[in-house]
């Protein structure tokens, strides 16, 4: 396994051994780039739009073209969002809930996936099935039963109810994502480790986890985005201001008869920044991870 | 390594267990002598600044007057508020004080004995301070379960300069109104702003037509089952709606637009008229975000009378909006009732002047300084011959869903007036 | 040391599986069972429950509105599954060694970070009947009767599929990309030396190697679509006239708007059963005789 060179993905094509110098190939690549760039513009457009949106008042949001820059940009939307309510507290809560749930979910899911794909036991298919069922229930069916459960456990208005719900509801999808990768990871390394007398825990923590770094990063990113933007559970299980999250900031601007769209845009802009940053950092791990992992293995 | 990992896993498992079995640290707040009233409302500081401020002020005042009481507030937006109330009531964990809507919405909560009767609060003068008919909307079988905070009527707002440009005058009859619609449509100006994705918006138009054609009682009677929805007037009203749609009376794509989006066509002077509750008045008077020029340009008129119809021009669609309830199972029920009483009184003094919300308690127009549009609406309210509560509020929840869906289909011409009436009758008679 | 013995330690298996399993049982299975139970009741979610047996389920089977919404959900599942081909293609290109792949990949995933509220607002602006981006474009191209995208019952459903499918592009591209990056470089180099074209490498080597991941994404896309709710709720609320209602929004409307929690729960439980059956069918259909290994 010579995987060290995966890092070179940004290197020019010409280095590869296939001949690419023919005119036809160049044209094909040119076309490919045009398509890729057009797609990229489509994908970057929402952020630009959201930024412009956040600088408008209600009149402008509805009247102006979505891509026009307002004549008099309403920076005060940001000021309002930042000063209204307890945004730094919400922010902190969002980070705490998201991070703890992501770590817990990815770790628990890795353990389960490891046990299902790597260890020998008869019930593994059944247990996998049990987890998969968790994908299939609509959130609104669970609200009343979950509220009852938490209320019996005395966990209403307690951040644990949020972290546990996020973990439980993301475990199935995380296990599914990990599963496809564990199934394709070569078993030879582990077998060799067993021969050398390594324990199961050592294999899990020292071999499987590092080798699955790219997929853990992938699953982590997905979990993070879900948790960060979630609000139904927070609204239902939390009632104290001090435990609410950034998504509450959005509701703050939805009124009984009118909604302050510009301020909502500003809240969305503010709340997307940290997650964008985390995403950029974590998405590098997808490429780096495998190289690093296989060296240790 | 092996041992370390093992212990780590054990600790993790223990943590999960302990979390699940609930030995979490539930903190006791200091000062056990204080009683806490939990209060949920739907006026967030961001979107409803003035309302929120009044609420906060009232609570502060109440807490200063009652040193032994602490009012704990939770604010959610409209939609989330309704969902949460639903979940809370299923587990019997309603807040001590909260907001409810009238009639049909209220019914299941009363049946389930979750709301406390508030007649003892109303006795002793408070009832007299309410506008007649408002507390009645919150009464079931002779007991009142909610004290209304808002009172609204729905006029047709219009853009004076668009009217002037095409030499149009405020219509007195529905025929004149039709001429206006046709003239504007022919000139390529959208006559009426409507966001019918929300569906109750379209219901207002239907309700008025039903009222003007069949009189103020025909719809109410059909709903309370002393009458029938197959009354010819109710069918004619449905036909008139589709006629308006055919005349291109409403903005393009109205069935896919929310009320906010529909309204914006009026606010941006692309549509000439807009039928909506008087809660919109701040947008045409005091809202500083909106250009003065535009605000000066807005007037309103009463829904015109239909010739040969039984309706009266002073009959309005409207009524009380949200009201306050006290939870029947509250541990501090008496204090909660006392708080509600205090709240309603204080709210009545400040809401219209400070937040532009017309309270359900009587307002003395001579004593308050208000924009002319407000004075006009308050005067009209005083002279109202009848107030018909919004149809979807009159009905119970499941019939209301049917009604709203049928309204959207009617406007979208997906259902014939015949079927529209029949399906209403079916849904209503099932209950 | 025997590999099988070490890897069959029941105690260790329990330690690895039980924490997650218990969490799932408590927070997902209890609600599932309760949902099934509420489905047997006449209950408005507020007052007393009355046991009515299978009445909710029998009326559900006869409810044309439910089957309409189920049909819409299945359509969405179908489109989502088909769209996976496109995502796979983009991922293969990005995972290949082309200049700037890293940047493209990051850009392509950005929309995935947006909350549903933002996505909904964006697409409402795109679809707005008079000053929306789409209709402005059509008008400038000379189209006179521009469609009323979300107000026309004939197109609303399809119009709303586009943002839903687009919303998940980043999710699947990310998974495929990571899977493709997981393929040992040596295999691809070897094929290149043998003179295989990029296309041949993609089809003959890469695809089979990530087949397991592809199968799983099919299940995720289908199940995710069958219980989809978010954008439908914000953008059309199931309308106009139920033309974009899906199973989860129908469940929400019945339980939370119509105060019929018994019926809503029956829909939720039935949805679960549909998902189970569909998943079972998918696994049967995609099952291969032997697992790919290198």
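If you go along the chain as it appears here, the first residue is 1 and each next one adds 1.
Just so it is clear, glycine is given a Cβ too, placed from its N, Cα and C backbone atoms.
TrEMBL annotations: computationally assigned, not manually curated.
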According to TrEMBL, which listed range is transmembrane segment: A:59-82, A:203-226?
A:203-226
Excluding the flanking five residues on each side, which residues at least 6 beyond the ends of the transmembrane segment (A:261-281) place their CB within less than 8 Å of a CB in that stretch?
47, 50-51, 53-58, 60-62, 74, 77-78, 80-82, 84, 87, 91, 94-95, 221, 224-225, 228, 246-247, 249-250, 252-254
Long-range neighbours of the transmembrane segment (A:90-114), counting only residues six or more past its ends (CB under 8 A):
127, 131, 159, 162-163, 166-167, 170-171, 174-175, 178-179, 182, 204, 208-209, 212, 216, 219-220, 223-224, 227-228, 242-249, 271, 274
Proximity of the transmembrane segment (A:159-182) to the transmembrane segment (A:203-226), 3+ C-beta pairs under 8 angstroms:
yes
May I ask for the residues of the chain that lie six or more residues beyond the transmembrane segment (A:31-55) and have a Cβ under 8 Å from a Cβ within it?
61, 66-70, 73-75, 77-78, 261-262, 265-266, 268-269, 272
